[in-house]
Amino acid sequence: MSGVLHLIPSFLATITAIYLLTPIARAVGLVDLPGGRKQHDFPTPLVGGLSIYLGSMTMAIVSPPIFEMYSNIFFIGGIVLVTGLLDDWKNLKVITRLSVYSLSGLVMIWSTDTAITSFGDILTFGDLSLGLIAIPVTLLSINCAINAVNMSDGLDGLAAGLVLVTLSALIFIGYSKGNEYEIRLLFFICVSVTAFFVLNFRFPWVTQASVFLGDSGSVFLGFIISWALITLSQGELAVISPPVSLWLFAVPLLDITNVVVKRLISGTSPTQSDRRHLHHILLRAGFGVRATVLILILLATFYAVIGILFTFYNTPDSIIFWIFIALGATTLHAVNLLEKRCSESSHI
């Protein structure tokens, strides 16, 4: 009950932080300017991520056992967030960002004794243990999650909406399996993200978001998602099997996979910005910003619900994994056909 009572203050703390930080952001130039490929028309403060962090941490501090248990996650997440904040402000080099994320991942592994040690029985030959490559695979996964959320932050409400789907699914599964205490932190963060979403999503009566997540917010949430999926799919605290993680984080994962593969095939850098993301393709197909965001959130929810059903029906890991590969490939094929059709139409 105490956790439930803290949900409203967490929401209000995040909203308050946004309104208090907005004038400061405008004064120091921490705003996203319109122009180019951007979908907004006036300078917008990039304080959503910092507000989510402050809102969720404030409520965790009010619950000493929770804060004591997760203080290292807040500390490491804070480093990731500050790195993103500096990138918002001064545009850090890619190698600098990736180095900080990797070092933060190492600290997380060391301080929480959390790593991807197994992929589960995805090949039907028994548990696929990673052994000596567990740490490199974990660091790669953390960087992948961070960049996947960051890449999805291209439309008002999209990144926050996709993160809410993943967090909500983990919270639902955790509570259903009796791990209420372990996912309490996710509850605080989920409520804070919801508060941000209210001010970031383009509701029918809103023409543009009043605040943006910023790189600081997207990389912080990407880090939290990676930590949560790893922690809750590995070891004694596991409430999901490893391949279920793919379903709960499906849309950002499919998007980054699709984009990186296309960039490599075309000979460009995987970190080079372009308009090949899923949301860009839907926009070119004629969907508006709000419709595009809702389509992708619904798609993410569809995948997450399947992952939840697999969990409660104790579906074998191999079936969970290979159905994801098949459905994911089908989804990307359909999206790429849509992109091709849009490209052909533009040349007519």
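Each Cβ is built from the backbone N, Cα and C atoms, and glycine gets one as well.
Annotated transmembrane segment per TrEMBL: 6-25 (among others), in sequence order.
Positions annotated as transmembrane segment by TrEMBL: 69-86 (among others).
Positions annotated as transmembrane segment by TrEMBL: 98-116 (among others). Panel annotation: around the transmembrane segment (98-116), residues 72-73, 76, 79-80, 83, 130, 134-135, 137-139, 141-143, 146, 219, 223, 226-227, 230-231, 233-235, 242 of the same chain, lying at least six beyond its termini, place a Cβ under 8 Å from a Cβ of the stretch.
What TrEMBL records for 128-146 (among others) is transmembrane segment.
What TrEMBL lists as Mg(2+) binding site is N150, D215. Under DSSP, N150 (Mg(2+) binding site) is assigned to a helix (H, G or I) in the three-state scheme.
Residues or ranges marked as transmembrane segment by TrEMBL: 158-175 (among others).
TrEMBL lists 181-199 (among others) with the feature transmembrane segment. With a cut-off of 8 Å between Cβ atoms, the residues of this chain six or more beyond the transmembrane segment (181-199) that come close are 3, 6-7, 10-15, 18, 48, 51-53, 55-56, 59-60, 63, 66, 69-70, 73, 157, 160-161, 163-164, 167-168, 170-171, 174-175, 209-211, 213, 217, 221, 224, 228, 231-232, 237, 239.
Per TrEMBL, transmembrane segment is recorded for 211-232 (among others).
As annotated by TrEMBL, transmembrane segment applies to 244-261 (among others).
Sequence-remote contacts of a segment are chain residues at least 6 beyond its ends whose Cβ falls under 8 Å from one of its Cβ atoms, and for the transmembrane segment (281-313) they are 39, 155-158, 161-162, 165-166, 168-169, 172-173, 176, 201-204, 239-241, 244, 246-248, 250-251, 275, 319-320, 327, 331, 335, 338-339, 341-342, 346. TrEMBL lists 281-313 (among others) with the feature transmembrane segment.
Taken from TrEMBL, the feature transmembrane segment applies to 319-338 (among others).
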Including all protein chains shown, what's the count of other C-beta atoms within 10 A of the C-beta of D215 (Mg(2+) binding site)?
25
Within 10 Å of the Cβ of N150 (Mg(2+) binding site), how many other Cβ atoms can be counted across all chains shown?
23
Contact count check, CB pairs under 8 angstroms to the transmembrane segment (244-261), set 69-86, 128-146, 158-175, 211-232, 319-338; argmax is 319-338
Give residue numbers and ranges for long-range contacts of the transmembrane segment (69-86): same chain, 6 or more residues beyond its ends, CB-CB under 8 A.
30, 49-50, 53, 57, 60, 92, 96-97, 100-101, 104, 107-108, 111-112, 146, 185, 214-220, 223-224, 227
For the transmembrane segment (211-232), give me same-chain residues lying six or more residues beyond its boundaries with a C-beta closer than 8 angstroms to one of its C-beta atoms, as numbers and ranges.
18, 22, 30, 32, 44-53, 73, 76-77, 80-85, 87-88, 97, 101, 104-105, 108, 112, 114-116, 138, 141-142, 144-150, 152-153, 159-160, 163, 166-167, 170, 173-174, 179, 182-183, 186, 189, 193, 196, 199-200, 238-240, 245, 248-249
